[in-house]
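This report refers to the structure that appears directly beneath it.
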Amino acid sequence: MAPNPRKSHPLLKMINNSLIDLPTPSNISAWWNFGSLLALCLMTQILTGLLLAMHYTADTTLAFSSVAHTCRDVQYGWLIRNMHANGASFFFICIYLHIGRGFYYGSYLHKETWNTGVLLLLTLMATAFVGYVLPWGQMSFWGATVITNMFSAIPYIGQTIVEWAWGGFSVDNPTLTRFFALHFLLPFMIAGLTLIHLTFLHESGSNNPLGIVSNCDKIPFHPYYSLKDILGLALLLLPLTTMALFSPNLLGDPENFTPANPLVTPPHIKPEWYFLFAYAILRSIPNKLGGVLALAASVLVLFLSPLLHKSKQRTMAFRPLSQLLFWALVANLLILTWIGSQPVEHPFIIIGQLASTTYFIILLILFPITSALENKMLNF
């Protein structure tokens, strides 16, 4: 009998082992769909971004008008731009849900997969930040100025790093040019990291909602999960296209309809919604260096998740106290997101400080203590 090329060809064999004959736990829920949705988001962003880059000019005098030209004069340019801008929001929705699922079901115990995932999040955040600067609107310019200026808080070398990143003494043409270069490069880095992420995942096999070893009960990825993923893709593309067609500017900042002006500061500088929780943590500390460290810690704390796991059970499915804490953490993050969008005045300052403190207390102190308590309860 002739060998099946799907199982013998070097390249097809790799694809087959990752997407077709991959043994998958039979009980993984829709929460496991977000990995494939993130892959779709990445492909959509790279494709729309490539088309936008063909019409974009990375120059301070032309950037704003080149984006306007894309929307007005390029065939379906408005749609490509709207899909790209809102695609970023959906990318972050998916990654936050993906991380939340990993946290809830103890997927972080696959340490290599988890750590590459956190690196992916950091790279995605960097990509979104440099991309936000490119249209060269008011909030683009001032956002870039404020966030890059944070590095000046680093003792001794801070100011040098900032001027080196800017390519001058303020955010100007060299900054825009290098941000465009970085925004073009980083998505391909994300794609490379994704392959590493998948390699580590397929090394250990996927986790499941029960958190138990599922070697005795696995099914092939295709057709079961390939079909389930296609349903997920349809359910993601529906709200994305609806938003791009009906309310493309819903999540954007009105300030970005004004070209960048270094002489006029917007009344309230704030980043895109998906960075607001971290921005609120940054602002809640009156000291500049302290704020920058808290901002970094708000994301880097994810690296500690495997070390802080003290429970005898992997998932939170049967741990009501940990579930309560988890949802308190989700509510806390929503409060931080809201606070980040508000001006720096009473009562928002104190709410932000309380929410920031609670965020770190829940993650670093309450979760391990609760896990230890639940372990004790198991013995009764």
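Any Cβ shown, glycine's included, is placed from N, Cα and C.
According to Swiss-Prot, the transmembrane segment annotation covers 34-54 (among others). Long-range contacts of the transmembrane segment (34-54) within its own chain (CB-CB distance under 8 A, at least 6 residues past either end) are made by residues 70, 80-81, 83-84, 87-88, 90-91, 94-95, 97-98, 101, 131, 183-184, 187-188, 190-191, 194, 229, 232-233, 236-237, 240.
Long-range contacts of the transmembrane segment (78-99) within its own chain (CB-CB distance under 8 A, at least 6 residues past either end) are made by residues 31, 34-35, 37-38, 41-42, 44-45, 48-49, 51-52, 67, 70-72, 117, 120-121, 124, 128, 131, 236, 239-241, 243-245, 248, 251-252, 272-274, 302. Among the features that Swiss-Prot reports, transmembrane segment is placed at 78-99 (among others), with the record citing similarity to another entry.
Within the same chain, residues at least six positions away from HIS183 (heme b b562 binding site) with a Cβ under 8 Å of its Cβ are GLY49, THR127, VAL130, GLY131, LEU134. Look at HIS183 (heme b b562 binding site): DSSP puts it in a helix. Look at Swiss-Prot and you will find HIS84, HIS183 tagged as heme b b562 binding site, backed by similarity to another entry.
For the recorded site, HIS98 (heme b b566 binding site), the DSSP three-state label reads helix. Of all the Cβ atoms in the protein chains shown, 21 others lie within 10 Å of the Cβ of HIS98 (heme b b566 binding site). Residues annotated as heme b b566 binding site in Swiss-Prot: HIS98, HIS197.
Positions annotated as transmembrane segment by Swiss-Prot, on the basis of similarity to another entry: 114-134 (among others). When Cβ-Cβ distances below 8 Å are used as the criterion, the transmembrane segment (114-134) is approached by residues 49, 56, 58, 63, 67, 88, 91-92, 95, 98-99, 102, 107-108, 140-141, 143-144, 147, 171, 175-176, 179-180, 182-183, 186-187, 189-190, 193-194, 196-197, 200, 271-272, 274-275, 299-300, 302-303, 305-306 of the same chain, each at least six residues removed from its ends.
The transmembrane segment annotation in Swiss-Prot covers 179-199 (among others).
Every protein chain considered, the tally of other Cβ atoms within 10 Å of the Cβ of HIS202 (ubiquinone binding site) stands at 14. Taken from Swiss-Prot, the feature ubiquinone binding site applies to HIS202, supported by similarity to another entry.
Taken from Swiss-Prot, the feature transmembrane segment covers 227-247 (among others), and the record attributes it to similarity to another entry. Cβ atoms under 8 Å from those of the transmembrane segment (227-247) belong to residues 30, 33-34, 36-37, 40-41, 44, 79, 82-83, 86-87, 90, 94 of the same chain, restricted to positions at least 6 beyond its ends.
Feature annotation from Swiss-Prot assigns transmembrane segment to 289-309 (among others); the stated evidence is similarity to another entry.
Sequence annotations record features per position, and here Swiss-Prot assigns transmembrane segment to 321-341 (among others).
Look at Swiss-Prot and you will find 348-368 (among others) tagged as transmembrane segment. Residues 280-281, 283-285, 294, 297-298, 301, 304, 308, 310, 322, 325, 328-329, 332-333, 335-336, 339-340, 342 of the same chain lie 6 or more positions beyond the ends of the transmembrane segment (348-368) yet place their CB under 8 Å from a CB of it.
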Subject >> Chain-internal residues near HIS197 (heme b b566 binding site), provided their CB is under 8 angstroms and they sit 6+ positions away >> reply: THR113, THR116, GLY117, LEU120
**OP:** Residue list, the transmembrane segment (321-341) vs rest of chain: Cβ under 8 Å, 6 or more residues beyond ends.
**Re:** 100, 103-104, 270-271, 273, 275-281, 283, 311, 348, 351-352, 355-356, 358-359, 362-363, 366-367, 370-371, 373-374
Original post:
Does HIS84 (heme b b562 binding site) have same-chain partners at least 6 apart in sequence with Cβ under 8 Å from its own Cβ, and which are they?
Top reply: GLN45, THR48, GLY49, LEU52
